Structure formats: structure tokens, C-alpha cells
Amino acid sequence: MLDAQTIATVKATIPLLVETGPKLTAHFYDRMFTHNPELKEIFNMSNQRNGDQREALFNAIAAYASNIENLPALLPAVEKIAQKHTSFQIKPEQYNIVGTHLLATLDEMFNPGQEVLDAWGKAYGVLANVFIHREAEIYHENASKDGGWEGTRPFRIVAKTPRSALITSFEFEPVDGGTVAEYRPGQYLGVWLKPEGFAHQEIRQYSLTRKPDGKGYRIAVKREDGGQVSNWLHHHANVGDVVHLAAPAGDFFMNVAADTPVSLISAGVGQTPMLAMLDTLAKEQHTAQVNWFHAAENGDVHAFADEVSELGRTLPRFTAHTWYREPTEADRAQRVFDSEGLMDLSKLEAAISDPAMQFYLCGPVGFMQFAAKQLVSLGVNNENIHYECFGPHKVL
């Protein structure tokens, strides 16, 4: 554990960190990628370009400094990051590289003196050991499961199915013909790619979209404007191609008893982890109320509508409601949605009034903030609201 002097020294730097903001982590990443360019094969460079990862790292550093006397308060964040790290196959020696560049960044930007650098070195060492220990546990758990594996494993694309104008699903089965590890509904799969034309290896996480079956995996990918990986998958990946996958991971998952009511609330491609949850609830014959609330721009980009309806018909207590923000004339003629405009949960208050109900949210951050605010205003306990951010985590 850290001594009182080290803690006091680290906490004394908080005002400087806050004043500097993400400029600190921008300098850190620029320095690290200059001296250790091999790490570009691991980090999501798209998140570097748009600044999301720099902001996320700064928030993590500031949170650590603020809670250095209360490390248990950081454990939920540690779990989220450790799960993601295993999908990137982060190794203990890479923490030494990060530590070196973090201390060098503090020195180059602030010239704080050796006492401060030594204190931050000790503090970083404690945090790094927490991550290394937890990630070793996750790696062991993944390798020890039936159908589990270490590192990455080659899988063949056995199905590629357009689901909307923007979303395509991909099904994978292992090249070795063996079984595959189970996962919790809501978790994601690590997809490792370096096809011809890519400057660096690219690693992405995509939510698994159905109940585990031990035979293979299914994900669904939204084609993003300018998205290197999503566009390659949509336009160039074909049935028969081989990709490498890291084992399922993630701290966002559904774990409820059969008599626990559930609401699955999503927008756009945020429905993907919800599909795995709904599929699981349906196949396990969930007896309590299940709600499926989904928002989409219109019918052209609304994926998996038929699958959701089919699964819903197998549940004894199922309510579905779909909002289209800007429905097309065809949508209005066919009446394939329930409400026009933004999601308004107050109209469905009776369906979400059970105090035991668990709420799972996924979609753009602004949407989740909007939905969570409505839920709280309707009397839902914050502890019953669970959410997943695609990309670096943000607090709602």
C-alpha cells in the first residue's frame, strides 16, 4: 500500500491535472507512439484521432488521483478496463512502457521535481499491479472454459447477412472445428484484423447478438462513415474468410432470476447486446415481464425487427415499442413502428413500474443520458440501470 506522504504528494497534483486536462494525455500518447510505434498495432487509432481515448485516459488518471485513498471505489472502473484489456491481449510488460511514458510526460510538461515523480511512480505501480492481477485472472478463466482459448483463435466467416441499410451480421465458427466458450448475454467479442491496405493491425469489440450455443458466434456491425474496420467488413469480408478472435469479455451483461422483470432499451446499433439478452430470456422461458424499447431513424436502418418479434412471441409477458425519429412515407404506410419522434418512456410508465425491474441501456451516449433521465424521473432506482458505451466509457 501507499504511504501517507506518497498519497499527499499525488493528491497535491490534482489541481494541475485538472487545469491541464486532456492535453496531458495527448502529450502522453504522442510520446508513447513515437518511442514505441509497435503499440499502434494494439491501440484503436480511430479513437486516438477523434480524441475519445485521450479524454478517457485523462478521466481515469484524474479519478485515480482523487480516489487514491479509496481504491475500492475504483474497482468497477478497473473491471471495465481490465475486461477490455484482455480483448486487446494486454501483457504485463506493456504496463512498464506506459509507466515510463506517463512519468516522462509529467516531467516534460510540469517539471515537478523528483519527489513528485517518485510518488507518481509508486502510485502507478500499485494501480498497474491491480490491473495485471485481474487481467491474469480473466485470461485464466477464458482459457479454462470448455471451448476456451488463450490469445487469439482463427475463425471462419460462415454467414454474412445484411440486416438493414447500415447493419450487417457476421457468424463465425472455429477453423479447428472445436467447441467455443460460452459468454454472458451483453458481452462482446474481440475481432483482430490486418488485411492488405491496413497500415496497422486493427482490433475492435463487437457485441455478441444471440444466446451462446457452443458452436460459434454472431456479431452485427454498423457501417460507420469513415470507419476503416466497419467498411472493410461490410465491403470486403466474405463467407469463407478467416479472422482471428479474442475470447468474449466485458463487464456489461444480464444476470437475472427467472422472476425478475427486465427492460431492454436501445437505439440504433445499440440493440446488439440487447439481442443476446432477449434471445437468452426467450430460450430460457423467462416468466417475468420483458420490455423491448427501441429507437431508430426509420425502417431503412432498423435491423432485426422480425427476429425481435419472433422472440417476443415465445415470451409469456412481452411488450415491445419502437420509435422512428424520421419515418419514411413507406414506414407510415406500412405502420411498422409505434411512435414517431424521440423515445418517450412516460407513455409506458405502467410497463416499467415494478421496483424490481432491471433496465439495460445501449446506444449513443446522448440517447442513454436522455433515457436514464426519464427512468429516474419515473422513479427508477439508479442501481437498477445498467448501460454500455461503444468505445471509451463515459459516465451518464
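Backbone N, Cα and C atoms are what each Cβ position is placed from, and that goes for glycine too.
The shown structure was predicted, so the numbers you read here are calculated from the model rather than taken from an experiment.
Among the features that Swiss-Prot reports, active site, charge relay system is placed at Tyr95 (among others). In the structure as shown, the Cβ atom of Tyr95 (active site, charge relay system) sits within 10 Å of 19 other Cβ atoms.
Following the DSSP three-state reduction, the secondary structure of Glu135 (active site, charge relay system) is helix. The active site, charge relay system feature in Swiss-Prot is assigned to Glu135 (among others).
Proximity of His85 (heme b binding site) to non-local residues of its own chain (separation of 6 or more, Cβ distance below 8 Å) is seen for Phe131, Glu135, given in sequence order. Look at Swiss-Prot and you will find His85 tagged as heme b binding site, backed by sequence analysis.
Listed in sequence order, Gly186, Gln187, Tyr188, Leu189, Ile219, Ala220, Thr272, Pro273, Ala276, Cys362, Glu388 are the same-chain residues six or more apart from Ser207 (FAD binding site) with CB atoms under 8 A from its CB. According to DSSP, Ser207 (FAD binding site) sits within a strand segment. Annotation comment: Swiss-Prot describes Tyr188, Arg204, Gln205, Tyr206, Ser207, Cys389, Phe390, Gly391, Pro392 as FAD binding site.
For the recorded site, Pro273 (NADP(+) binding site), the DSSP three-state label reads helix. Summarising the environment of Pro273 (NADP(+) binding site), the number of other Cβ atoms within 10 Å of its Cβ, over all protein chains shown, is 28. Sequence annotations record features per position, and here Swiss-Prot assigns NADP(+) binding site to Gly268, Val269, Gly270, Gln271, Thr272, Pro273 based on sequence analysis.
Summarising the annotation, Swiss-Prot assigns domain 'Globin' to 1-136 and lists sequence analysis as the type of evidence.
For 150-255, the entry in Swiss-Prot reads domain 'FAD-binding FR-type'.
Residues or ranges marked as region 'Reductase' by Swiss-Prot: 147-396.
Per Swiss-Prot, site 'Involved in heme-bound ligand stabilization and O-O bond activation' is recorded for Tyr29, and the stated evidence type is sequence analysis. All protein chains included, Tyr29 (site 'Involved in heme-bound ligand stabilization and O-O bond activation') registers 19 other Cβ atoms within 10 Å of its own Cβ.
Counted within 10 Å of its Cβ, the other Cβ atoms near Lys84 (site 'Influences the redox potential of the prosthetic heme and FAD groups') come to 19, all protein chains included. Here Swiss-Prot flags Lys84 (among others) as site 'Influences the redox potential of the prosthetic heme and FAD groups', drawing on sequence analysis.
Secondary structure at Glu388 (site 'Influences the redox potential of the prosthetic heme and FAD groups'), as computed by DSSP, is strand. Sequence annotations record features per position, and here Swiss-Prot assigns site 'Influences the redox potential of the prosthetic heme and FAD groups' to Glu388 (among others) based on sequence analysis.
Gln271 (NADP(+) binding site) sits 34 Å from Tyr95 (active site, charge relay system), taking the Cα positions as reference. On the 0 to 100 pLDDT scale, the domain 'FAD-binding FR-type' (150-255) averages 97 in the predicted structure. Note: the NADP(+) site is recorded as Gly268, Val269, Gly270, Gln271, Thr272, Pro273; in the same chain, Ser207, Ala220, Lys222, Ser266, Ala267, Met274, Leu275, Cys362, Gly363, Phe390 also have Cβ atoms within 8 Å of that site's Cβ centroid.
When Cα-Cα distances from Val269 (NADP(+) binding site) are compared across the recorded positions Tyr29, Lys84, Gln205, Phe390, the shortest belongs to Phe390. Proximity note: of the listed recorded positions (Tyr29, Lys84, Tyr95, Gly268, Gly270), Gly270 have a CA within 10 Å of the CA of Phe390 (FAD binding site), given in sequence order.
Considering only the recorded positions Tyr29, Lys84, Gly270, Gln205 (FAD binding site) has Lys84 as its nearest partner by CA-CA distance. Cα to Cα, Lys84 (site 'Influences the redox potential of the prosthetic heme and FAD groups') and Gly268 (NADP(+) binding site) are separated by 22 Å.
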